[in-house]
Amino acid sequence: MSASFQRVPNLQIPSSPSDRRLRWSHHHRLIPPSLLQHRDAIAVTGALRSVDPRSGIRFLDPVVLRSADGGPRRRRGSVVRGCALGARVGDVEVERRRKRRAEVVVAAAMTALLGTGNRVLYKLALVPLKQYPFFLAQLATFGYVVVYFSILYARYHSGIVTDEMLSLPKTPYLAVGLLEALGAVSGMAAGAVLSGASIPILSQTFLVWQLLLSVIFLGRRYRFNQILGCFLVTIGVVITVASGSGAGDSLKNAGIFWALLMIISFLFQAADTVLKETIFLDAAKKLEGGSVDLFVVNSFGSAFQALFICLLLPFLSKLWGVPFNQLPTYIRDGAACFLNIGSLSSGCEGAPVLPLLFVIVNMAFNISLLHLLKISSAVVSCLASTFSVPLSIYAFTLPLPYIGVASSLPAGFVAGAVVLVAGLLLYSWTPPSSPATQAQPQPPSLAQG
């Protein structure tokens, strides 16, 4: 009687026949013993050995269902039970992927909404602090350190953050802080010269840097539809922002140096997000499948960023037109306006509510962006953040308090928004995979991290 074969995809064969715990090839999830029939034994004959290049897991294929004495099962239903095992394993994987897609979509939508609120509230916060934008920037930078470490302390004592998470190497966090500080400094320097309409256009180079750095340092490979989708997203934002704004003329008037400096600032920011993704991936290996808490990354990254900002404070104050020797007086006056007290409070209507709202929403946006980065990829988090650009442009057409006359929509707003959404849909679209390519790792999409 010929043996019956049943291929069970994406399974790692246990090293011992008595070990009934089978593992997923890519996700290392245990299959409970209840999925296996206790009277069946799985043996391997004539196996074709292969090794996954990323995880190093050995795969054995095909799998032969045999009886405990080594002979082929003659009992009716043994092959059916083997098929049932493969079907149940497949159902678990499908359900896991469905939940993961839903989680990524919800996180991306939340990131886009918070990004919109972050842009709008930053403009509102500068209404009372229009004379003290440097104070607002430093309030956010150093305030985050206090808030993040307070949350980290509470999560550590509640058991969410473990000693193993805190013992991870701090060198990557140091690099995160340096990249964020360099991105802030170069962005401030260029932003002081460039017009407000040209900055969102130049910011679309951020997505290009994300793709390049993900390919170089993370070994990602993107399908043609994903690259084309990112290109359409960039074009859509450019059309939305540039229509009737004269951004092209302002770029020419500012000079190529400042435009290149702004592009380099987005290179630093893109490298920062790719580095954070690498931190999550390395932590999963060192913590044996666990994951480092978001606030560990946020807290230490913000602390090192504040350290480098302090070192660069003389240069930063000069960028904002505040002589370094007058910086203490500037900070004192900015604090008085922020608190809306004393003789300096004239013209500070809306403080401290609007600045505090901006700081809170900005913090929530950073946490949401990092969470999306953790469960998907740097490119997906960038796309979600980019989607907030047209949403914020539309928000400024609404009758917002303290703004005055609402803005009008650019002439090409609808066309640009359509192109942008088409790009997002194209990036998220997953073409049907052939059976030979289903086991290959796929690049992340907005629907699948």
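Note: Cβ is positioned from N, Cα and C throughout, glycine not excepted.
What TrEMBL says about a protein is an automatic prediction, not a curated fact.
These come from TrEMBL:
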REGION    1-22  region 'Disordered'
COMPBIAS  1-17  compositional bias 'Polar residues'
TRANSMEM  104-122  transmembrane segment
TRANSMEM  134-153  transmembrane segment
TRANSMEM  173-195  transmembrane segment
TRANSMEM  201-219  transmembrane segment
TRANSMEM  226-244  transmembrane segment
TRANSMEM  256-275  transmembrane segment
TRANSMEM  295-316  transmembrane segment
TRANSMEM  353-373  transmembrane segment
TRANSMEM  378-396  transmembrane segment
TRANSMEM  402-427  transmembrane segment
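Two recorded stretches are said to be in contact when at least 3 C-beta pairs lie under 8 angstroms, sequence spacing 6 or more; the transmembrane segment (402-427) and the transmembrane segment (226-244) meet this definition.
With a threshold of 8 Å between CB atoms, the same-chain residues lying at least 6 positions outside the transmembrane segment (378-396) that come near it are 104, 107-109, 111-116, 118-120, 123, 200, 203-204, 206-207, 210-211, 213-214, 220, 222, 230, 233, 236-237, 240-241, 270, 273-274, 276-277, 369, 372, 403, 406-407, 409-410, 413, 416-417, 420, 424, 427, 444-446, 449. The transmembrane segment (353-373) makes no contact with the transmembrane segment (226-244): fewer than 3 of their CB pairs lie within 8 A, with pairs spaced 6 or more apart in sequence. By number of Cβ pairs under 8 Å, the transmembrane segment (256-275) is matched best by 173-195 from the list 134-153, 173-195, 201-219, 226-244, 295-316.
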